[in-house]
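Okay, structure first, notes after.
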Amino acid sequence: MFRHGLRSSAGLARRVLPRATVTLGRYQHITAQTNRPAIQAAQSWNALTQLARLYSSDAAAPAAESSAGEQDASKQSDEWTKEFSSLAEEGVNETLLRAITKDLGYRTMSPVQAKTIAPALKGTDMNDDSVAQAKTGTGKTIAFLLPLLQRMINEDPTLATRSAKYEARPDDIRGIIMSPTRELAEQIAEEARRLVRHTGLVVQSAVGGTQKNRMLYKTRREGCHLLVATPGRLHDLLSDPESGIQAPNLAAMVLDEADRMLDVGFERELNDIIKLLPRDKVRQTMLVSATIPDSVIRLTRNMVRADDFQFVQTIAESESLTHEHVPQNVVTVSHINNILPALFELIGKGLAESKENPDKKPFKAIVYLNTTAMTQLAGEMGFAKNRDRTFVRNFSIHSGLTQQARTRAAENFRRSQSAVLFSSDVTARGMDFPDVTHVIQVDCPRDRETYIHRLGRTARQKKDGEGWLLLPATSRPRARSLLGGLPLKPSTALETASFDIHSDTNQPDAIAETKKLYSQVPSRLLEEAYRVTIFGSTERHARDDVVDQMNEWATHGWGWQSPPTVSKAKADRNGFGRTNLNFGPESSSSSDSRGRSDRFSDRRDNRGFDRDSRRSSDPFDNMKENARRSDFGGRGDAGGRGGFSRGGSRSGNRGGNRGGFRRNSDRGSRDSAW
C-alpha cells in the first residue's frame with residue numbers, strides 16, 4: 001500500500017517527479033505536484049494467505065486521474081512509470097526485490113509509491129524520520145514496509161540471509177509497526193511475511209482479542225525481528241517484564257493510520273510506548289496518516305525529531321480526499337421503525353436490479369451501523385432472512401466477535417461475488433474488499449471523516465459504486481451540519497421510508513417481512529439495540545421524540561406489549577430521566593449498555609492545538625499548513641469534531657467560527673438540497 005514508499009536518493013526522486021521543496025533546517029516539505037496515471041502492475045496474487053489482499057490488493061493499482069496539481073506541475077503532460085526493479089540501484093536488497101517482482105508480480109509502482117520512495121530510502125541511510133500524508137488504497141503498505149525492512153538489513157546485513165531466522169529472539173526486536181485495528185495489523189503482518197520470504201527475517205503479530213499467552217509462546221519459540229501490533233497489546237507486552245519482549249536494537253518504527261489510532265483513543269498508549277523504547281538507540285520513525293488534524297501534529301512532536309524529518313505530501317492540492325464521483329443518495333426515513341425495513345428494501349432492490357440487468361455487476365454491499373448492538377441485530381436478521389437461501393449471503397463484523405470470527409467473515413465476504421456485510425466502523429478504513437457496489441450507512445455517522453472513509457470502501461480502483469445514507473428524521477439536523485458540502489442527493493426511491501407505521505392498509509412487503517424477522521432473533525438483541533440506541537443518541541434536543549419513536553419501534557415493529565425496561569438510575573445519568581421510558585430492572589445481558597458502538601467509535605481527542613494563523617518557523621506548524629484537508633473542511637488545522645477547519649490560516653479566511661466549516665456558495669447550494 002504505501003508500497004515502496006519512502007525510499008532513497010533525492011536525485012532519483014527529482015528524475016521521477018518534480019517537487020517543490022521547502023527546507024527548514026533538516027525539515028523538508030515534499031509536495032506532489034501532479035498525479036499522473038501509472039501503468040497497472042501485474043497482479044498475480046497466488047496462494048499464500050489471502051488475508052493480506054483485504055488491505056493490499058490495490059497496492060499496485062492504477063493512479064487516480066491526473067490532477068491539475070500546482071502551477072509549475074501543470075506543464076508536465078508526459079506519463080511516467082517507475083519500476084520496482086530500479087530500486088536495486090538504490091541499494092534495496094535483492095531478496096526483497098525478488099519477493100516484490102517475482103513472487104507478488106508487481107512491476108511498476110503506484111504514484112504514491114513513486115512520490116514517497118526517495119525520502120524514505122534516504123532515511124534508511126541518514127536517520128531521517130518521515131511523516132507522510134497518504135490515502136488508503138494507494139499502495140502505501142509496501143511504501144513503508146520496504147524502507148523499514150531495508151533499514152533493518154542495513155543495520156544487520158545477516159538478516160538478509162535465511163540462517164538469520166535461527167538466531168531470532170523475542171528480546172531483540174529490530175522493527176515495530178503499529179496499526180489501529182486487529183484486522184489491519186494482521187494484514188500488514190501477512191504482507192510483511194510475503195516480502196521477507198527469501199530472507200531470515202521473522203515477523204510476528206500481537207493484537208487484542210487474541211490470547212496473549214499463545215502469542216508469547218509462538219514468539220519465544222520462533223523469535224521475532226519485526227513485530228506488527230495494535231498499540232494496546234504492544235504497550236501491554238513492553239510494560240510486562242515477564243513477557244520477554246524487548247527492542248534494545250530497534251532500527252525502525254512505523255505508525256500506520258496515525259489519525260485513526262488517535263480517533264480510537266490510543267494517544268496515551270502511544271506516548272507511553274515511546275517511553276518504554278530505548279532512548280540511546282537512534283531509530284528511524286515513519287508516521288503515516290490520511291489526515292493531519294491537530295492531534296496528529298501533537299503526536300508527531302513526540303515521535304519524530306524536529307530538526308531531522310521530512311513531511312511527504314502525496315495528495316495533490318486539487319485532489320479530493322473522498323470519492324467525489326461516487327453517486328451519494330440520502331433517504332430521510334420518517335420514523336425509526338422504518339429504518340430496517342428501508343434497509344432490507346434497498347438491499348432487495350439492488351439484488352433485483354443486478355439480476356435483471358446482465359450488464360450490472362453483482363450486488364455486493366457493506367452496511368455500516370453506528371453501534372455494535374445494531375450491527376449484531378441487523379446481522380442476525382440478515383442471517384434469518386437467508387435461512388431458505390432466497391436472500392443473499394451475508395456476514396457480520398463487529399467488536400463482539402472473536403478475532404478469528406472477524407477474520408473469517410472478512411475473508412468470506414471478500415471471496416463472495418454477491419453478498420452483504422453488516423459492519424461497525426472496524427472495516428471503515430484500510431480494508432480492501434473487491435467489487436463492492438454499494439455502501440449503505442444507517443443513521444448519521446459520528447463525524448464527517450467516518451462518512452467519507454466508509455464511502456471509500458466502494459468505487460475503488462476506478463470501479464463503479466454508489467453510496468446510500470438512511471437517515472431518521474430526528475438525525476437530519478445533525479447530518480446536515482456534519483455533511484454539508486458533500487454531493488448528497490435526496491432520494492424517494494424507498495417506499496418503506498415514508499410509510500405511516502400506524503397504517504395497516506397497503507403495507508409494503510418489506511414492513512411485514514421485517515416484522516417477521518424480529519420474531520426470529522433473540523430478544524436480548526432487540527433489548528440491547530433499543531437501550532444502546534437511546535443512550536447513544538446525540539440528538540439531545542429531541543430526547544422525547546427519540547424515546548417515543550423507539551417505544552413505537554418496540555410495540556408496532558416487534559409486536560411487544562410494552563418497550564424493554566430501562567434502569568431509572570441510568571436514565572437519570574444520561575439525561576433521559578423525564579422521558580417516557582419504561583423504567584424497571586434490566587436484564588443482566590444489557591446492564592452495560594452505554595450507547596457505545598465499540599472501542600473504534602467514540603473515544604476521541606478534540607483538544608485544540610496552536611491555532612495561530614501566522615506563518616511559523618516551527619516545522620510541525622508548517623506541516624500542518626501543508627496538509628491536505630479538502631474534504632474535511634479545508635486544509636491545515638482541523639481539530640474540530642467532524643473534521644471541519646476551526647482555526648485561522650495564512651489566508652485568514654478558513655473557518656473562523658467555532659466548529660464551523662467554510663460557508664461558501666457551493667456548500668450553501670448543496671445543503672439546501674436535503
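Heads up, the Cβ atoms here are built off N, Cα and C, so glycines get one too.
Curation plays no part in TrEMBL annotations; they are all automatic predictions.
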Per TrEMBL, the range holding motif 'Q motif', considering 85-114, 175-204, 295-324, 505-534: 85-114
Which range of 14-37, 62-85 is region 'Disordered', per TrEMBL: 62-85
Intrachain residues whose Cβ lies under 8 Å of the compositional bias 'Polar residues' (577-586), provided they are six or more past its termini: 527, 531, 534, 543-544, 547-548, 551, 562-568, 570-571, 593
Secondary structure content of the motif 'Q motif' (85-114), with strand meaning DSSP E or B: 20 helix, 1 strand, 9 coil
DSSP-assigned states of the compositional bias 'Polar residues' (577-586) in counts, ordered helix, strand, coil: 0 helix, 2 strand, 8 coil
Per-region confidence, the domain 'Helicase ATP-binding' (121-310) (mean pLDDT, whole number): 91
